[in-house]
Amino acid sequence: MSESTVGKPITCKAAVAWEAAKPLSIEDVTVAPPKRHEVRIKLYDTGVCHTDAYTLSGVDPEGAFPVILGHEGAGIVESIGEGVTNVKVGDHVIALYTPECGECKFCKSGKTNLCGKIRATQGKGVMPDGTSRFTCKGKEILHFMGCSTFSQYTVVADISVVAINPKAEFDKACLLGCGITTGYGAATITANVQKGDNVAVFGGGIVGLSVIQGCAERGAAQIILVDISDKKEEWGQKLGATAFVNPTKLPEGTTIVDKLIEMTDGGCDFTFDCTGNVGVMRNALEACHKGWGTSVIIGVAAAGKEISTRPFQLVTGRTWKGAAFGGVKGRSQLPGIVNNYLDGKLKVEEFITHREPLAAINKAFEEMHAGDCIRAVVDLS
């Protein structure tokens, strides 16, 4: 932002995860200037996501420490490296954990939103040149998911950032960097739900509720939210669900699959798993209509978990598929989703149930694990 910082290291506050299963520590970190095809962003707000907690817990096989977590952030471009043409200093931006280079086999296929260009280095917590831009107390600090939004400044690859309408406030825009877009896109892009479809959504967190939004926008006939917490019924109704089922309160001998097949005259056209529970994933598939029902897996299961069903479920016409970031291409499609929010077509602010300053980010993690939190937003300013 200021010419006095361009090309120079910046010292700022960040929440550093020094080791697994320990609280984050607020530290002074040094953020190096961006190199070729890199962008340095002054971040204003970040969401706290279950993926961050999963890595912090130590069970993530790709987790490495020390690291600056966070992948749901929005801010302003402070400076750019040589060769950057897609954003400029002063642009309002969202960091992208799913990049879009437009040149790799994945991007050119037109069949996926996945991009292979920097996957190898991103998974190791470093920039494309194999090094980090963060240091603290003389130690190199790793990046996370190509974003590291738990810092007042971050450096990302130019293919991992997108300029958005500056009318979108950062505390809302940041949530479109993961949770809301993941669910909304799964309904509108991956599944491509159509008017009159019957759908069931397993899991009433921010992703599941955003699936409901997308299905409602498309004119689905029945949108059934399935959750073991009765508190989620009201949330579902707010976003467009037409029914709610708590599988723990069904009559003895009645399974959730039985119930959904009964409610939808033979099964759902689409089901969505937003839980990461492999048992739920099986139920979601088997609640699909014979001949054409499709189940979309969105929730990320714990390491080592496997899905199973009887092959006959697939032979008789059901489809199992998955979605990352809702099938949304970050650089080419996310700005349009931001505009949908600004036009009042997509609810975002309603999902913010808790707010904390950076100094209290550990409290935001505690709130996330509580039943009444949909999304906690951390103010980085």
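Every residue gets a Cβ built from N, Cα and C, even glycine.
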| Binding-site annotation, Swiss-Prot, NAD(+): partner of HIS50, GLY203, GLY204, GLY205, ILE206, VAL207, GLY208, ILE298, GLY299, VAL300 in ASP60, ASP197, ASP227 | ASP227
| message | The Zn(2+) 1 site in Swiss-Prot lists CYS49, HIS71, GLU72. Which one of CYS178, CYS215, CYS268, CYS274 belongs there according to the record? | response | CYS178
| Near CYS104 (Zn(2+) 2 binding site), how many other Cβ atoms are within 10 Å of its Cβ? | 17
| Most crowded position, judged by CB atoms within 10 A, among CYS101, CYS178, VAL300 as binding-site residues | CYS178
| message | Distance check, please: Cα of CYS104 (Zn(2+) 2 binding site) against Cα of GLY204 (NAD(+) binding site), rounded to an integer number of angstrom. | response | 35
| note | Pairwise CA distances across HIS50, GLY203, GLY204, GLY205, ILE206, VAL207, GLY208, ASP227, ILE298, GLY299, VAL300 (listed as binding NAD(+)) top out, in Å, at 17
| Which residues does CYS115 (Zn(2+) 2 binding site) neighbour through Cβ under 8 Å, counting only same-chain ones at least six apart? | THR98, PRO99, GLU100, CYS101, CYS104, PHE106, CYS107, ILE159
